[in-house]
Amino acid sequence: MQSRIVGLAPAFSLFPNLNTPHKTFTFHQILVLIITFTAYASFHASRKPPSIVKSVLGPPSLNSSSIDNGWAPFNGTQGTKRLGELDLAFLSSYALGMYFAGHLGDRIDLRYFLVFGMMGSGILTLVFGLGYWMNVHTLGFYMSVQIVCGLFQSIGWPCVVSVVGNWCGKEKRGLIMGLWNSHTSVGNILGSVIASSVLDFGWGWSFVLPGVLVLVSGVVVFMFLVVSPNDLGFEELGKEIEIEMSLGENVEESLRKHEAEGAVLLENVDDSSFAIGFLEAWRLPGVAPYAFCLFFSKLVAYTFLYWLPYYLRHTAVAGVNLSHKTAGILSTVFDVGGVLGGISAGFISDKIKARALTSITFLALSIPALIMYRVYGSVSMFINIVLMFISGLLVNGPYALITTAVAADLGTQDSIKGNGRALATVTAIIDGTGSVGAALGPLLAGYISSRGWNSVFFMLIVSIFFAGLFLVRLAKSEINTMRSGELIASSVP
């Protein structure tokens, strides 16, 4: 047997019982899902502090011209615009870095690369928080930290999706990745709660604790993560076994044989897979429409991510203005809805085998949900929570589906013969394009909010419309496929 154990994580030397045959394939599969879940949840937890501290750094209200409150240089009449520019600094470098990260991720050890990104992200998050104790009031300092931090953060997503794609086959991929992708919302919730809880002690603490969380998670990844089943001698499920069926073949018997093979030890490891080029990946069927759909979907999701606590702080609910801490914690309801949205979208798309149709349905329903939230969200706390939950469910559903199951499907599709090394590149293209929208959304919100929040919500609704528009052709194709399947089924005696 050709050995691939040299690059195994240190924990497998310290704890020999973790190796095969002491532990099953399923055990390692679950372990990988837990580790990558924790890793990316910590990434998102460290992104949340800027949105929580906005109401502390910026002016007390949109109409205020006072500089007696807040934190220079964000507390003047241009405060909201500068906060939007700060978001742009992080998210634009994140989007740019995403393309390079995916390209590199297909070519170097994913465990080392992921740990490198986590350590850099944790340190830069800590450095931003140090600005509080060092009494830094220079815009360039905070912009520079956010730009470099965005580059480190961009490493995370292509790495974790590629690893999970190696360990999980296409069967129930939507549901599994829908559950797994709740790390985004869980991380947002965790980051919001941590940052809000320590905000009264000084806004610097809101960055320090999430930064430490990323560093600790990075150590766990370095110690335990196994990038591919091949490293333990298992067959890689991301590379689907082709089952050739002719008219005279017993299909049921072939399927049973395929399932019985399961996860078997490899006698020889095939290293023939190759990384595809950036432009070649763009030309893969479905990549461009989903990438541009995610551009607008992520624009909406990240506008909520970065501005919802600020919106809640400056919008009276039942005639009462919320405190900084209450607004930050209340904003987690949107992410709780997002958890259910990602799981629901994955489950439904698995059942009907139509990713685009599922996404476009969620997007269409999110438009009236956002209108209702803006109009009726201030009536009472209960109505605000219910409508925020529904909005989070519908907005994050397609976003979660596209960044996980769809990206994994496109990166392992038949046109590239299941080339697993294309997965990180395809993932980076889709999420990188989405991240350009994510950078644009919070920036526009910072400028448009000076005209009133109705203008911001109008921008979000228009963005959702365009997101759905890019999937119309794919959805029509899926509907035709479903109808063809029904006709074939009805013709069978």
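Each residue's number is its place along the chain shown, starting with 1.
For all residues, glycine too, the Cβ spot is worked out from N, Cα and C.
According to Swiss-Prot, the features are:
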TRANSMEM  25-44  transmembrane segment
TRANSMEM  83-103  transmembrane segment
TRANSMEM  113-133  transmembrane segment
TRANSMEM  145-165  transmembrane segment
TRANSMEM  185-205  transmembrane segment
TRANSMEM  207-227  transmembrane segment
TRANSMEM  292-312  transmembrane segment
TRANSMEM  328-348  transmembrane segment
TRANSMEM  352-372  transmembrane segment
TRANSMEM  375-395  transmembrane segment
TRANSMEM  428-448  transmembrane segment
TRANSMEM  452-472  transmembrane segment
Beyond the flanks of the transmembrane segment (375-395) by at least 6 residues, Cβ under 8 Å: 185, 297, 300-301, 304, 315-318, 330, 333-338, 340-341, 344, 362-363, 365-366, 369, 464
Long-range Cβ neighbours of the transmembrane segment (207-227) (under 8 Å; 6 or more residues past either end): 7-12, 28, 31-32, 35-36, 38-39, 41-43, 45-46, 48-49, 53, 109-111, 114-115, 118-119, 121-126, 128-129, 132, 163, 166, 190-191, 194-195, 198
Intrachain neighbours beyond the transmembrane segment (428-448), with Cβ under 8 angstroms and 6 or more residues off its ends: 80-85, 87-88, 90-92, 94-96, 98-99, 101-103, 105, 154, 157-158, 161, 278, 281-282, 287, 290-292, 294-303, 305-307, 399, 402-403, 406-407, 410, 455-456, 459, 463
Contact between the transmembrane segment (25-44) and the transmembrane segment (452-472) (3 or more Cβ pairs under 8 Å, separation 6+): no
Long-range environment of the transmembrane segment (452-472) - Cβ separation under 8 angstroms, sequence gap at least 6: 289-290, 292-297, 299-300, 303, 307, 311, 315, 356, 359-360, 363-364, 366-367, 370-371, 374, 395, 398, 437, 441, 444-445
